[in-house]
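Notes for the one structure printed next.
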Amino acid sequence: MNSSIIRYILGNVMRMEACFLLLPCIVSLVYGEGVGLYYLGTAIVCLAFGMVMAWKKPKNYVFYLKEGCIATSLSWIVMSLVGCMPFWISGEIPSFTDAMFETVSGFTTTGASILTNVEALSHTALFWRSFTHWIGGMGVLVFLLAIIPLSGGSNINLMRAESPGPSVGKLVPKMKYTARILYIIYFGMTILEFIFLIIGKMPVFDSICTAVGTAGTGGFGVKNDSLGSYSPYLQWVVAIFMILFGVNFNAYYYIIYRHLKKAFKMEEVRCYFAIILIATAIIFANILDRCVSIFDALTKSVFQVASLITSTGFSSTDFNLWPQICRTVLVLIMFIGACAGSTGGGIKVSRVIVLFKTMIKELHSYIHPKSIRKVNLDGKPVEHEIVRSINVYIVTFVIIFASSVFMVAFDGKDLVTNFTAVLTTINNMGPGLAEVGPAGNFSSFSVFSKFVFMFDMLAGRLELFPLLILFHPSAWKDLISKRAEARKF
């Protein structure tokens, strides 16, 4: 194992997070809040550790998928540990477990919260809480590659470990330029949403927090009712941008460089919009008699479908009170999630398409045993290795999901609460149903259950296997054997 490159990556991640921690310090100065000192102190300590870890550059920059997965998982864990410190030491979230839960939820863009009164937090804490979504949305290591590209041609292994979806491709030949293109699009769309929110007369601070939260498809709001108290115009702006951030970013690259045919031929994107339309139509028809007007019903249905299929988790109403069919549709789209290559969570639309086509292919083979039928996506055959990895992913997802539901059941809560709590954390959604619905939170769960949820959030954001590899003995075998040999001498 190339442990020196892992150390170097972790050091750079810590240095980068130290820079990010300076932003809430600025917010603290603007609003005259003393808590900014806690963020500054954390940034200084984080920078010091990062400088020490990244001081000595590795002799060998080449690393493989195993090192990429370990570096990615450790980066997200360290990032969450550092990020939770200002919440904890400032006393705004007195419990370390709760502070860690809130931070993991932020970085993984889950949006699940233990807070009962969000509005009691300082502007500084509210900003950092929302900004963690923006950092985690596109991926901290993708950002790292954009500003500090590693040499040796191994960058793709970091992208594979962190990026959502069954496969990772390059938009351009060099990975560092791919990372930069992704972040330029990401930043540009965030600014565009901010402008539209300002036009709708949303306060500047609220606009910043909402824009970065939407961009990362996270869902931490600055109000106790999320976005329920804002105007329909603002809700439509957020709904549209939630949908846009749930689209595969490759489509935007094609549109920018005028490859419109490629963008519109993307089967995943077309299926994604079809699911949104169908889900919206079903919910609209079933809540129409509960709303004050047709426009109100359309606004609520579009907003909540957009929020949950993209895993953002904002709410404009308590959908926990909607008819059973509406809640069932919402749970189903929570499983599906957004497109691969977006900032959204869930299983991903591309995986669902491939799984459905694999099922059709298997059914066809029963009827015509001698026929050869391939699984195609965007008119091209899907490699057998990708189909296999998707099947393994789904099996692993089900095992982790079922195990988590079993473990949190010891808290004695009802099945709907436990089921949707696990669903919303492993798919990085935010709100669930029953006790964890839009009007509820995760504060009543035990410490053990909160750590189960934290594991689920990290596993879901990292596509399961990069986190699971930390628990595989052979992943550390080389490192342990090298240290044992060093001790002999």
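Residue 1 is the first one shown; counting continues down the chain.
Keep in mind that glycine also has a Cβ here, set from the backbone N, Cα and C atoms.
Cross-referencing GLY200, GLY218, GLY221 against the K(+) binding annotation in TrEMBL, which names THR109, THR110, THR312, ASN428, MET429, picks out GLY218. If you look at the transmembrane segment (390-410), the same-chain residues 6 or more away from its ends with a CB under 8 A from one of its CBs are 166, 347, 351, 354-355, 358, 418-419, 421-423, 425-426, 445-446, 448-449, 452-453, 455-456, 459, 463-465, 468. When other Cβ atoms within 10 Å of the Cβ of THR110 (K(+) binding site) are tallied across all protein chains shown, the result is 33. Within its own chain, the transmembrane segment (451-471) has Cβ neighbours under 8 Å at 66, 68-70, 72-74, 76-77, 80, 97, 100-101, 104-105, 107-110, 112, 136, 161-162, 164-165, 345, 393, 396-397, 400, 404, 407-408, 421-422, 425-428, 442, 445, counting only residues six or more beyond its boundaries. If one looks beyond the transmembrane segment (37-56) by at least 6 residues along the same chain, the residues whose Cβ comes under 8 Å of a Cβ in the stretch are 4, 7-8, 10-19, 21-22, 24-25, 28, 82, 85-86, 89-90, 124, 128.
Residue density at THR312 (K(+) binding site): 35 other Cβ atoms are found within 10 A of its Cβ, drawing on all protein chains shown. Most Cβ pairs within less than 8 Å of the transmembrane segment (321-341), among stretches 68-89, 181-199, 269-288, belong to 269-288.
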